[in-house]
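Notes for the one structure printed next.
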Amino acid sequence: MNNDLSIYVSKNSGTAVLLLQGNGTDLTCGSEPMAKIVANTTDAAQEKHVPHITKNGNNIDVSVGSVEHPMTPEHFIEWIILVSGDRLEMAKLTPDMKPRAQFHNVTSGTVYAYCNLHSLWKADI
């Protein structure tokens, strides 16, 4: 398994789907086609979306943005995902939480963060 994710979003409903395995058919939400989103790796807006990774031995601490991302009901990080080899681990967030996650026994991989307004962001470990 590589560290790429296939995530599709409905532009009207905001529904996001992580595709683990597909057969080549188009994904839809109701009658609306879903669009595959591509993760951004750089952010001109004061680095508020790119996951910031700190290694502590074989553990990592992830915070979203070198300047902490806001967490309000209108604008927040919905989840952070670690992809490392055959491992996929998710931290689901709510607006009352900090945009942070910890993952254990990690030596390499990619971390993804999804902002409800500004889409998908990633950083390699």
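Note: Cβ is positioned from N, Cα and C throughout, glycine not excepted.
What you see is a predicted model, and the numbers here were worked out from it, not measured in a lab.
What Swiss-Prot lists as Fe cation binding site is His49, His69, His75, Cys115, His118, and the listing cites similarity to another entry.
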Original post:
Once His49, His69, His75, Cys115, His118 are set aside, which residues in the chain still have Cβ within 8 Å of the Cβ centroid of the Fe cation site?
Top reply: Lys48, Val64, Gly65, Pro70, Phe76, Ile77, Ala113, Asn116, Leu117, Trp121
Subject >> Neighbour count (Cβ, 10 Å) for Cys115 (Fe cation binding site) >> reply: 22
**OP:** Report the member of His69, His75, His118 (the binding-site residues) whose C-beta atom has the most other C-beta atoms within 10 angstroms.
**Re:** His69
**OP:** Could you say whether, by DSSP, Cys115 (Fe cation binding site) belongs to a helix, a strand or a coil region?
**Re:** strand
Subject >> His49 (Fe cation binding site) in three-state DSSP notation >> reply: coil
Original post:
If you draw a 10 Å sphere around the Cβ of His49 (Fe cation binding site), how many other Cβ atoms fall inside it, taking every protein chain shown into account?
Top reply: 25
